[in-house]
Amino acid sequence: MPVKGFKPYSPGRRQMTVSTFEEITKTTPERSLLAPLKSKAGRNNQGKLTVRHQGGGHKRKYRLIDFKRNKDSVPAKVASIEYDPNRSANIALLHYLDGHKAYILAPNGLQVGQMVVSGPDADIKVGNALPIKNIPVGTLLHNIEMKPGKGAQLVRSAGGSAQLMAKEGKYATLRLPSGEMRMVHIDCRATIGQVGNLEHENINIGKAGRSRWLGIRPTVRGAVMNPNDHPHGGGEGRNPIGRNPVTPWGKPALGAKTRKKKHPSNRFIVKRRGKK
C-alpha cells in the first residue's frame with residue numbers, strides 16, 4: 001500500500017508517514033474469526049516483567065489466522081483484504097466452497113474474487129499453499145513451516161519472501177529474507193508469492209505518542225540512570241561507560257552474541273545471515 005506524508009503543521013506531523021490503506025476492502029472483521037486478546041504489558045504468568053518497554057496501546061482483538069493451510073483440494077474465494085493490528089502484513093478473508101471461512105496472510109498481488117487452493121496438486125499461483133517438494137526451484141515463498149503439519153513460522157511479516165534454492169533428499173534449501181540459507185523438510189508447506197503491504201518498511205512513526213498507541217513504552221538509556229538502577233549510571237555530567245557495555249543485570253550487551261552455541265537447529269543452517 002502506498003505511503004503518504006503530511007504538511008508540517010506540527011512537529012509531530014513533519015516526518016510522519018502513514019499507509020493509504022488502498023488495498024483494504026473491508027473495515028469490520030469477521031466476528032467468528034475473532035478472539036479476545038488480553039494485554040500482557042511484558043509480564044509472564046507470574047506477573048513478573050520479562051520484556052521491557054511494553055504496555056498500554058490501543059485495545060485489540062486477535063484475528064485467528066490459518067497458518068497450517070491444510071484444507072486440501074477445496075477452492076476458496078478471496079472475500080476481502082483487511083487490516084490486522086497484530087501484524088505488519090494485511091490479511092485476506094477466504095470463503096471456501098463448503099461454507100468454511102478463514103483468514104490467511106495476504107500475499108502481494110492477491111485480489112478480491114480470486115480463487116486459491118491448498119494441497120499437493122495446487123497450481124504454482126500466488127496464494128496457493130502446497131508441500132515444498134511440489135514447488136519448482138527458484139520460486140518465491142512465504143508462510144513456511146519448519147516442521148511438517150506444525151503451521152507456518154517463517155517469512156510472515158510485510159514484504160517478506162524466501163527463495164527456494166535447491167532440493168536434495170528429504171530437505172530443501174531456502175534463502176530467507178535475512179540472507180540465511182536454511183534447510184527445511186520437503187514435506188513442510190509454504191505459500192506461493194511474497195507477503196503483501198510492501199511499503200510498510202517506509203512508514204515513519206513521526207512522534208512518541210504514536211509509539212504509545214502501538215503499546216511501545218520509552219527506552220531509557222542506562223547512562224542517564226542512577227548507579228543503583230544501571231551499571232552505566234551515575235557520575236557528574238556525561239561520562240563514558242568505563243567498562244564493557246552491559247545490561248541492567250550486568251550481562252554483556254551491545255554486540256554480545258546471545259544465540260546458544262549448541263542450538264538444536266544449527267544443523268539445518270547452511271549459511272548464517274550476514275551483518276546488516
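The backbone N, Cα and C atoms fix where each Cβ goes, and this holds for glycine too.
Features of the protein shown, as given by Swiss-Prot:
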COMPBIAS  257-276  compositional bias 'Basic residues'
REGION    225-276  region 'Disordered'
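Beyond the ends of the compositional bias 'Basic residues' (257-276), by six or more residues, the same chain brings 171, 173, 176, 178-184 to within a C-beta distance below 8 angstroms of the stretch. Helix, strand and coil counts under DSSP for the compositional bias 'Basic residues' (257-276) come to 5 helix, 3 strand, 12 coil.
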